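Features of the protein shown, as given by Swiss-Prot:
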type: SIGNAL; residues: 1-21; note: signal peptide
type: CARBOHYD; residues: 81; note: N-linked glycosylation site
type: DISULFID; residues: 101-112; note: disulfide bond
type: CARBOHYD; residues: 123; note: N-linked glycosylation site
type: DISULFID; residues: 130-139; note: disulfide bond
type: DISULFID; residues: 266-378; note: disulfide bond
type: CARBOHYD; residues: 268; note: N-linked glycosylation site
type: DISULFID; residues: 290-338; note: disulfide bond
type: CARBOHYD; residues: 465; note: N-linked glycosylation site
type: DISULFID; residues: 514-532; note: disulfide bond
type: DOMAIN; residues: 571-655; note: domain 'Ig-like C2-type'
type: CARBOHYD; residues: 585; note: N-linked glycosylation site
type: CARBOHYD; residues: 586; note: N-linked glycosylation site
type: DISULFID; residues: 592-643; note: disulfide bond
type: COMPBIAS; residues: 712-731; note: compositional bias 'Basic and acidic residues'
type: REGION; residues: 712-751; note: region 'Disordered'
């Protein structure tokens, strides 16, 4: 216990040190749900006012369709506009199964329904779909037609058992891929949720699964994703990779730790001949590490893998694997993004195997003889051209795989540290999608990060040197009004659209909305959005061309001074002057909110025609993110205030406020409800407009004025003579005239 306590304290110290050294960045632009809708760059869809647990399970860009699974429904939506009327199939669980589910004590709302979790393209005309079936999984073939114009969408086969293809519990994730009309699934195969398996079904060959109840293979896994990735030029060497997290017991067998893992199998694996019959003989797994390392050495791990995105390149070895990780500690909560080179993953799987002498021993690198062909090699591939099937593998290869499925080395991210870390925030990342964008000054990987509060952050990470990174949150969007956590996310670079789901509905968001950054070249340049550039008239979508000088863009530095010459930068820096009044000894607020929270603010004060001087901040004068708070206003506070914003060394005047101080005694007379004043009706004779004074009043004073005006209107409506409203004009006039020498502009006209 003492050792665990020390580890927890060390972890907290490492994370707090990391946060202290790296302040959490803010989004440069934040759009609420309503503001996002006003940009006309988003669409929203919901089948019902009730939560239906939507999951985007398949994208077909060739037919412009997106297939969504939900509770009792399968949807086909137009990816050009998801708000259009969808094609849908109502596919509930049978009444008998629903009743049995309820009798078993399962949740009637979130468990006893048919939650669709598998949608895979079986062939050109049919989808293969599976649902939880009220804790009795079912599957069927769904006819979608040969073309999207056919408007065909119906289940045209009898339902069959989904056991081994879809989890019983809809709250337990199911992952799957379809290869040559064979389904590869990661799920739980039983009602109680104790038998996890990676399973191949729908096959003309024998069904194959992981070794049952063997914790060396799978230990209470929670599946995250699955992908088919080529391995070299021979198609027989391609492998299916499963990403998951699992609970592993330590040597003391008293506690369980969560580790993120990646496993792989060969699609053409048919199991062993005498051992591992109908079991994978090519199953290997390795640990995925995403951690922060302190200068003194200790690592703080983000243990729980939440989502995976593969950014594919022309060469599969250069594919980038992005992962969302969260902490499992109850002491601190956070999330991180780690990115891995696929070549590093291959290196680990080609490296040493892990070995354990006994239950109380540590893992070591296996030092014995490695059988041939190397365990994990696919039959018929580049290294085993003469072996047509895994049943031809020697017995020692099969035995070795059964006892040594784990690789000794762990897989570390690029530069052995996270790309992005979030600790101490009120949200955690849940989903990720990445787009590769060509800009004027290079190529950037733009990250779209979904959160558990229903927002999407658009982030670009800029390289500064071989190891350091500088991240920019370009924008954060509320894609769901009720802040529902994001459950799935798909991206279409072809359509330049992002598709997001939650328990409540579906959202479609454009990857860019350049016009929101502003109407000036400097605004566009400061945004540093790889999708956007200044075209000489507006901030618009950037398209790489040979004429670079006609498009102004600087993602790496965002410097308007070099990019916006000739676009009247001097005029852009000047803000319109406004007049604001404050009452002596009261509190006032000078508002100045920059467009970007990433800008630093400086306040300058100019009195009469003197030079501008920086405002000295103290307990009385306080700078906030929204402006300058002046407590107990003094005569010396009067003058012209300049609010200067600096971003990327570019300075601009956000606000000019001509601040005038009013005497508290004068304002007291004006607002005395027992001394109503008639001279205020002579607006043209006043040296200032009454509305100007109103801006200086506190909330309580404004309430008094509002009540006075209400009483005045009522008396006028009753036809009373205006003579009864005269009030103590003489007292006010005397008070102001006594201050003529100090400020003659406050003198009222003679009556």
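Glycine is no exception: its Cβ is also placed from the backbone N, Cα and C atoms.
Worth saying up front: this structure is predicted, and the values here are computed from it rather than measured.
Here the features listed in Swiss-Prot are placed on the structure.
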{"residue": "101", "record": "disulfide bond", "Cβ contacts under 8 Å, 6 or more apart": "93, 108, 111, 112, 134, 135, 136"}
{"residue": "123", "record": "N-linked glycosylation site", "Cβ contacts under 8 Å, 6 or more apart": "181"}
{"residue": "139", "record": "disulfide bond", "Cβ contacts under 8 Å, 6 or more apart": "118, 128, 129, 130, 131, 159, 160, 161, 162, 165, 166"}
{"residue": "338", "record": "disulfide bond", "Cβ contacts under 8 Å, 6 or more apart": "288, 290, 302, 322, 323, 325, 413, 418, 419"}
{"residue": "532", "record": "disulfide bond", "Cβ contacts under 8 Å, 6 or more apart": "512, 514, 517, 524, 539, 540, 541, 542, 553"}
{"residue": "585", "record": "N-linked glycosylation site", "Cβ contacts under 8 Å, 6 or more apart": "632, 633, 664"}
{"residue": "592", "record": "disulfide bond", "Cβ contacts under 8 Å, 6 or more apart": "601, 603, 626, 627, 628, 643, 654, 655, 657"}
Secondary structure composition of the domain 'Ig-like C2-type' (571-655) [DSSP: H/G/I, E/B, coil]: 6 helix, 43 strand, 36 coil
Taken over the domain 'Ig-like C2-type' (571-655), the model's mean pLDDT: 90
Fewest other Cβ within 10 angstroms of its own Cβ, chosen from the glycosylation sites 81, 268, 586: 81
Surrounding CB atoms that lie within 10 Å of the CB of residue 378 (disulfide bond), all protein chains: 25
By Cα-Cα distance, the member of recorded positions 81, 266, 268, 378 nearest residue 586 (N-linked glycosylation site): 81
Residue 266 (disulfide bond) to residue 81 (N-linked glycosylation site) - Cα separation in whole Å: 38
Conformational class of residue 338 (disulfide bond) under the three-state DSSP mapping: strand
C-alpha spacing of residue 378 (disulfide bond) relative to residue 268 (N-linked glycosylation site), in angstrom: 7
